[in-house]
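The block underneath contains the structure these notes are about, expressed in structure tokens.
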Amino acid sequence: MGGNETWITEVTLLGFQVDPTLDYFLFGIFSVFYTFTLLGNGIILVIISVAPRLHTPMYFFLSHLAILDMSYASNNVPKMLANLVTQKKNISFGPCIMQTFLYLAFAATECLILVAMSYDRFVAICHPLHYTVIMSWRVCTALAAASWGFSLLLDMVHLVLLLRLPFCGPHEINHFFCEILSVLKLACADTTLNQVVIFATCVFVLVGPLCLVLVSYTRILMAILRIQSGEGRRKAFSTCSSHLCVVGLFFGSAIVMYMAPKSQNPATQQKILSLFYSLFNPMLNPLIYSLRNAEVKGALQRILWKMRHV
């Protein structure tokens, strides 16, 4: 590094760069969304915990999804909200890198959990007689642990490659949190290796899992169409459509963000898509599962009935 280059100790998150009068409006809207995210996913966790009928592999994975959604939102949104109402929008470089690490870890874990959920539905509908044997609690625990463990190990690769770089400026990130592509722009060295690894990771944890999900649901659709019972077919469609909505929102926004050609205003595109990740998807997931899933709605009604008669 040259003598005129200085190491970064903190950076400024530029955020949305809108009229200051809109900052408080955005703060109010995003605060409501964040509150709904925590409440919705928290309620899903409580329902799954206290309802014996929901102690099944499907809802075991759904509880992990709820934890991921709350963690995902809590990693990015509080700092974003604080920056909307304060003049000082700085963040120390250490917490910034930690925010990047957690963002990638939660994203990769959610991809793999969604694959595990699609496999669970595939076994339940296409091999119902062997379901309890194939999807034993030992298998479910192993799938969940592997999803978390593999994602953390993969994220460590990104962290090591990121920390090897010298960071000397600029001292501004054109984003509302420390997203990895934005952080790489602060490096004063070649970041080609980092970008290649990011693209390879996207292929491995986005394209690969999405293909597995699509294959699973193609098989599931064929099996559903062979179901003779109208009630059985309706229940299968209801359960699977909830999962497909979540998969479409998550994988769609991720692939557009990291693999699609960049628009003429990539910074704005990244911020909008990151909002889907950080705020909208985590808020919508419990709504999708509660509104479109009869078992969750039934369990919630039973819990409320018991509370009224205590």
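Glycine too: its Cβ is placed from the backbone N, Cα and C atoms.
Here is what TrEMBL says about this protein:
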type	residues	note
DOMAIN	40-289	domain 'G-protein coupled receptors family 1 profile'
TRANSMEM	24-51	transmembrane segment
TRANSMEM	58-77	transmembrane segment
TRANSMEM	97-119	transmembrane segment
TRANSMEM	131-154	transmembrane segment
TRANSMEM	196-215	transmembrane segment
TRANSMEM	236-260	transmembrane segment
TRANSMEM	272-291	transmembrane segment
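Confidence in the domain 'G-protein coupled receptors family 1 profile' (40-289), given as mean pLDDT, stands at 86.
With a cut-off of 8 Å between Cβ atoms, the residues of this chain six or more beyond the transmembrane segment (196-215) that come close are 107-108, 111-112, 114-115, 118-119, 151, 154, 157-158, 161, 180-181, 247, 251, 254-255, 258-259.
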